[in-house]
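A.B. asks: Mind looking over this structure? Questions follow.
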């Protein structure tokens, strides 16, 4: 019988298998290395600080006050000029941010200290610095406005990320981790990490019961009625961050300063200052909010944000994560209507929310911040959560202590 000849299979030599495996591993290593390299390069961030002089400005101490009208007006002009200069330059793709940090008045001039952030995956960093400096110098030389600037006074140096964050976090109302949007805490939504870095949790024996706002290294602002149950500093602690538990950056309380005219059980002068035993170390997630000038006006219809760990509904459950809600300031006359609060709202109070209800502060939010951003996206403390009729009721918006009415009192107790 015929049988076909079966060819014998030749086995692959072990050395060839090893060589193939090593080749594949080497190729994978190269690919991963290139990915890591390009991702690292793409995310290379450079930080700078510098300054220049604005001439022909009479000496005025108000330029030193970061919250003054004069300081914000001049800073806004200079920031707009920098944005325009960089966005119209050949490095506009590398540009991230630029801010005026401080203004220092002198005889007939003001020195603007600036802070800048760029990314550049390809250029030598010294070349990038020179290009930035050149654009700034050209901006100062070609100034068509009435503002007179001194190009020769320009200075610019690269700084580390640590130093850059320290500079920005020492200024009030800035949000390095800022979100591009803030949503519409009864009817609110969860806050992002570092989105509201001045928000604090006031605790009795470790349990959250009121909110507060960080206004200085050792001072917070809250509601006086938060201390109706206890005003012994030894029982109180303050913590920060977005989670109500576990406590983050917990601090002990040294002193509670309640407004002298506050009467327990009433709503007038519902303001208190908390002094901590030690300074708070500011970082991207924890730093102070700006206090408005006593003359600053926040008109009806202005958008504001309230934050806190208060109940989702009246006598309802409380969140573990910080909540935020966008609301609007309501005209006092409207809030004093018979349908609303029937004349109980005085000049030291303000209403905020919606007359149709649903979005509001609630139990556990008391003492917390009501804030508003100015045109430079710097946030100011407008109100302190005080009282209301339950939460989110129709014609019963939240009532807040108006911070501008207590600005001088706050300064007398804190030096801020």
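The backbone N, Cα and C atoms fix where each Cβ goes, and this holds for glycine too.
Remember, it's a predicted structure, so these values are computed and weren't measured experimentally.
Straight from Swiss-Prot, here's the annotation block:
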- 225: active site, charge relay system (ACT_SITE)
- 270: active site, charge relay system (ACT_SITE)
- 366: active site, charge relay system (ACT_SITE)
- 44-161: domain 'SEA' (DOMAIN)
- 185-415: domain 'Peptidase S1' (DOMAIN)
- 1-15: topological domain 'Cytoplasmic' (TOPO_DOM)
- 37-416: topological domain 'Extracellular' (TOPO_DOM)
- 16-36: transmembrane segment (TRANSMEM)
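Please go over these features one by one and say how buried each is and what sits next to it.
C.D. replies: Taking Cβ-Cβ distances under 8 Å and a sequence separation of 6 or more, the neighbours of residue 225 (active site, charge relay system) in its chain are 262, 264, 270, 366, 386, 387.
Taken residue by residue with DSSP, residue 366 (active site, charge relay system) is part of neither helix nor strand, so it is coil. Around residue 366 (active site, charge relay system), taking its Cβ as the centre, 25 other Cβ atoms fall within 10 Å, counting all chains.
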A.B. asks: Which state, by DSSP, holds residue 270 (active site, charge relay system): helix, strand or coil?
C.D. replies: coil
A.B. asks: Going by DSSP assignments with H, G and I as helix and E and B as strand, what are the residue counts for the domain 'SEA' (44-161)?
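C.D. replies: Reading the DSSP string over the domain 'SEA' (44-161) gives 41 helix, 46 strand, 31 coil.
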